[in-house]
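Structure record follows, encoded as structure tokens.
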Amino acid sequence: MARAGAKKSGLGTQGAYTLTALLFCLRFLTLQAQDTVPNLLETGIVSPTVCGRNKLSPKIFGGKIAGPERWPWQAALLLRGRFVCGAVLIDSNWVASAAHCFQRSHKPADYQILLGYNQLSNPSSVSLQKSVHKVFVHPDFDKHHFLGSDITLMQLHIPVKFNSHILPACLPPSSVKPDPAVTCWISGWGMITEEKFLPPPMQLQEAELTLVPIDVCKDYFKPFNNAQPGSKPHRSDMEIPHVHLVLYIWENAYLDSGGPLVCPVEGIWYLIGLTSWSEECHSPVGPSVFTNVSYFAEWIKKHKQENPAPDPGQAPPAEKPPSLNPDLSRGPVLKPRMTALLTSQFLLLWLILFNAQ
């Protein structure tokens, strides 16, 4: 599995002296809380009157176990019946995930989507298994930069009916950018370690994220004179709009590749990122990299417009939602290349002060 989950704890003595962090920077504008929710109908994105509205308040503090209805857009991606990645519902018959989750196969029939699950081992009365009609892996995936354009769209054979357990996350227009002051969240059924999955009942997990401001990132990210092509980050990487800013996870985090990173704006949850990869955890915090969803807003809109809903009569027979266990789970093939690590006591001090606010 592309490293997308690790065990972390609060700041300790060792962390007070050394912070190992991988930094990527982007020219992100500020995501401001608006007086009114943006009308995304003109962008071809599902109306915010439906998307991004769970039954719970966006103000969630602490906690690792996510309750039912908290993240109704959370989906699980199965490859031939085995759990491989997280995914996120973005419309009634569209699901997004990471492109590196599809390296074993691009055949739609090989994949299934689970929705309405809180525990993968215990499907409920609202749980669904949906077949995939088409798979659209971004054509530039991993071509120009390591795991660049790490995004895939899936069109379902039959659209889902929304309820409090199954709702889409809102897609941000290209003008929406994250603000370090905004609290964002990830969710998923990821691995406890590189080799160990969550034990049954495989309860959905969540974690709060801390973003690093662009000025801090630029000041303390330095190019490497001895960098080998394709193995270490270069300053040019800082200008790539489809490689997301690194975020720091303060809680024990269980991330799935392809899983959602969501941020609230005026009570609406927007899909800001898809879990792409992360370096091996270094206590007290661990860096994770996310695909910048807003960068691909036009690409998503184009595929949705060019691919109308399929004929439901052509869909394969519906299957009963399965009960999964760790033995029926496997991560995606790709593992990240070696990356450069930076040590910065100043950055550690900033993170301590930010977390204390």
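Keep in mind that glycine also has a Cβ here, set from the backbone N, Cα and C atoms.
Per TrEMBL, the features are as follows:
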type     : residues : note
SIGNAL   : 1-33     : signal peptide
DOMAIN   : 60-305   : domain 'Peptidase S1'
REGION   : 305-329  : region 'Disordered'
COMPBIAS : 309-324  : compositional bias 'Pro residues'
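Same-chain neighbours of the compositional bias 'Pro residues' (309-324): 76, 78, 81, 83, 93, 109, 112, 114, 116-117, 120-123, 127-129, 131, 133, 155, 157-159, 202, counting only residues six or more beyond its ends whose CB sits under 8 Å from a CB of the stretch.
Model confidence over the domain 'Peptidase S1' (60-305) is summarised by a mean pLDDT of 79. Secondary structure by DSSP for the compositional bias 'Pro residues' (309-324): 3 helix, 0 strand, 13 coil.
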